[in-house]
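Now, the feature entries from TrEMBL:
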BINDING   Arg45, Asp102, Glu103, Ser104, Lys144, Gly161, Asp162, His239, Ser240  substrate binding site
BINDING   His115, His140, Asp141, His213, His239, Asp272  Fe cation binding site
Amino acid sequence: MTILIEQPEFGVEAEETKVPVDEKELVLDGGFVVPQINSFGHTFRDYDAESERRQGVENFYHTNHIHQTYDFVKKMREQYGKLDRLEMSIWECCELLNEVVDESDPDLDEPQIEHLLQTAEAIRRDYPDEDWLHLTGLIHDLGKVLLLPSFGELPQWAVVGDTFPVGCAYDESVVHHKYFKENADYHNPAYNTKYGVYSEGCGLNNVMMSWGHDDYMYLVAKENKTTLPSAGLFIIRYHSFYALHRSGAYKHLMNEEDVENLKWLQIFNKYDLYSKSKVRIDVEKVKPYYISLIEKYFPAKLKW
């Protein structure tokens, strides 16, 4: 089963599929039909399903959970937060992702730009008035350029996969949690308690997350002074934080703004996860629309 991502003629059809968004009660379904299986014939995010990618995905998380420590994340944020790699536009970065395949994803083996456009177009169809959300769908994975030589060619375990807080106990809902026992922080009393170095309601903005494309793109957007709303930045930074938005873990660290932004992340996540298919997007047809959004919310050139 695949999802057909149609390119709607916006106007009459947009009115028919428009989802009203009330500030107090966000609609979570948006008319989007959630499929039961991915393009490999398995249920989504099934890390135990017998498939040609299963062992590779588990090996990935084994390595990831050993090396993602508090000190490692601090080092990466300091190094990449300088944004001294190169300057380029958002669309130029989209095109760079053509050669990237995410080894941690059991649902997708297509170039990342295909997934970006599938996500953005599915959101655009159901939420035509939320243009910031369309753009967020397009750019949410751009941090995966960290895999490329010009960005240091980081290993996959330091770029992709589910994210989680470091500096406090690893919740059991994190996929392949068993491998955290080989992480130095797991045995460090400063980091292995419920709160660790944090406090009740401190706000996720004050929590260090495992290093990867999410946090990197968040830093790029923020430091280049994007005008995306806070919910857009929240989605970019936490869209791989499944322990939170799927399992409800770590909510003791959230503040009121996080609670509100989480509603948008839960809307976004369905499109991020379930819009993955083998259906190709006509890039040239949709490009002008996304270029206009980029010009609205970002400078022409960004530091990366």
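Cβ atoms here come from the backbone N, Cα and C positions, even for glycine.
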For His213 (Fe cation binding site) and Lys144 (substrate binding site), what Cα-Cα distance in Å is obtained after rounding to a whole number?
5
His115, His140, Asp141, His213, His239, Asp272 excluded, remaining Cβ within 8 Å of their centroid (Fe cation):
Leu116, Thr119, Lys144, Asp214, Ser240
Measuring Cα to Cα, how many angstrom lie between Asp141 (Fe cation binding site) and Asp162 (substrate binding site)?
13
Nearest of the binding-site residues (His115, His140, His239, Asp272) to Asp162 (substrate binding site) - Cα to Cα:
His239
For the binding-site residues Asp141, Asp162, the one whose C-beta sees the most other C-beta atoms within 10 angstroms:
Asp141
Sorry to bug you, but what's the C-alpha spacing from Asp272 (Fe cation binding site) to Ser240 (substrate binding site), rounded to the closest Å?
10
